[in-house]
Amino acid sequence: MSTTTVLWTAPAVLGLAVLTQATNDPLAISTYLAVLTGLLTWRLIPAVADRFVAAGLSGKDVNKAHQPIIPESLGIIAATLYLICLFLFIPFPFRQWFPAEPAVLSLRTFPFQRLGEFLAALLCLQSMVFLGFADDVFDIRWRYKLVMPTVASIPLLMGYYLSDGITYVVLPIPLRPILGRILDIGILYYVYIAMLAIFCTNSINILAGINGVEAGQSLVIALSVAANDLLYVNGPDRPAAEVHLFSLYFILPFIAVTTALLWHNWYPARVFVGDTYCYFAGMTFAVVGIIGHFSKTLLLFFIPQIFNFIYSAPQLFRLVPCPRHRMPRLNPATGRLEPSDASLATATPTGLAVVRTLARFRLVRVATDDAGTPLRVSNLTLLNMLLVHCGPLPENHLAALVVALQVFGSVAAFTVRYQLVTFLY
């Protein structure tokens, strides 16, 4: 064991031992473990980056003039340490049922359902990390990427079913005269949960391509989820407080490892996060939204991602040709990013109509021939659309703009959830 490892491990273990003796509050212990995990992630990523390059996990940073070779898939480090943190944390929410504790509770009152949910969520996240890393290594096609989150979410669906298994939804006021206040949608609720997992995992991956944007948007969403949880943990509604507290147990370590990863991935990136991180981040959000029973609120935090998905749909569904990489391109003469584009030679008539409509609202840039026939269109991503509106930007400015939009989206989400919702519910 190296001296550095001892210097990190000994104080960490000692601090945990002291904290567990000083308090029975699982949230305090979760926060402590999260901070330790974040620091370890920050330290370990640069230490192992060269090994990833040696293993062939690297790529060119094409938006730099000299196109340096950057270690790729470092999201696996953040995800692995996150899982280890949660494994170590498993006993602490249930300490009061341990026989050695002063206030011994009956085993008959042990919250097996809550433990089952916790373990199911861990299995779900572990499966998604494995599948994400497989995508980084084997470059899985998009049609299979839609299936991967569905498979990984099966443990969570079973855990949800074996706990409360609530399948009813509260309807908006305009629909209540027709359908009533509450509607039980049965198995369709599980279909909705599976689709939520698919959307969350792929939406982070779609809004990507420049330094810092994947981890940056994820950090803002995670902080928004944590802020939403904190509104409930001390509230009078104990069932709501419990589920939001469990959500915090999952989101605090995620905030820590994402902050550490973003430190190394922000412009100019020293590492790439890889698809592993995108899937890991998306599934983490799906897990906390489902466990915390606030999936509708979670979707409000995904406003930029929802817009990006709808905006990208013509290319994703092949109405408009979709190149493999749709990231903005660097203009070497100016050092700024400009919108990348795609040929319209094989676009469907419906796709051309969509392009003309978007062009009418100045949402795309279209190149035409002398007769006005569309030849090329800027790729349909939020990154390219921002460049169409704002003009060429340095890469770090574009990433900061996306993060700022994410913050604005979260502010709008809280406004809708806690102010405007009274008009609908």
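Every residue gets a Cβ built from N, Cα and C, even glycine.
These come from TrEMBL:
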| type | residues | note |
| --- | --- | --- |
| SIGNAL | 1-22 | signal peptide |
| TRANSMEM | 32-53 | transmembrane segment |
| TRANSMEM | 74-94 | transmembrane segment |
| TRANSMEM | 114-134 | transmembrane segment |
| TRANSMEM | 146-163 | transmembrane segment |
| TRANSMEM | 178-199 | transmembrane segment |
| TRANSMEM | 206-226 | transmembrane segment |
| TRANSMEM | 246-264 | transmembrane segment |
| TRANSMEM | 276-294 | transmembrane segment |
| TRANSMEM | 300-320 | transmembrane segment |
So if I exclude everything within five residues of the ends of the transmembrane segment (178-199), which remaining residues of that chain have a CB under 8 angstroms from its CBs? That is, six or more out.
146, 149-150, 152-153, 156-157, 160-161, 166-171, 282-283, 286, 289-290, 295, 298-299, 302, 309
Counting Cβ pairs under 8 Å to the transmembrane segment (246-264), which of 32-53, 114-134, 276-294, 300-320 comes out on top?
32-53
In the same chain, which residue numbers or ranges, 6 or more beyond the ends of the transmembrane segment (276-294), come under 8 angstroms Cβ to Cβ?
73-76, 78-79, 82, 117, 121, 124-125, 128-129, 131-133, 135-136, 148-149, 152-153, 156, 160, 166, 193, 196-197, 199-205, 208, 214-215, 218, 221-222, 225, 228-229, 240, 243-244, 246-247, 250-251, 254, 258, 261, 301-302
Are there residues at least six beyond either end of the transmembrane segment (300-320) with Cβ under 8 Å to its Cβ atoms? List them, or say none.
199-200, 203-204, 206-207, 217, 221, 224-225, 285, 326, 342, 344, 347-348, 350-351, 354-355, 363, 377, 379-382, 385, 402, 405-406, 409-410, 412-413, 416-417
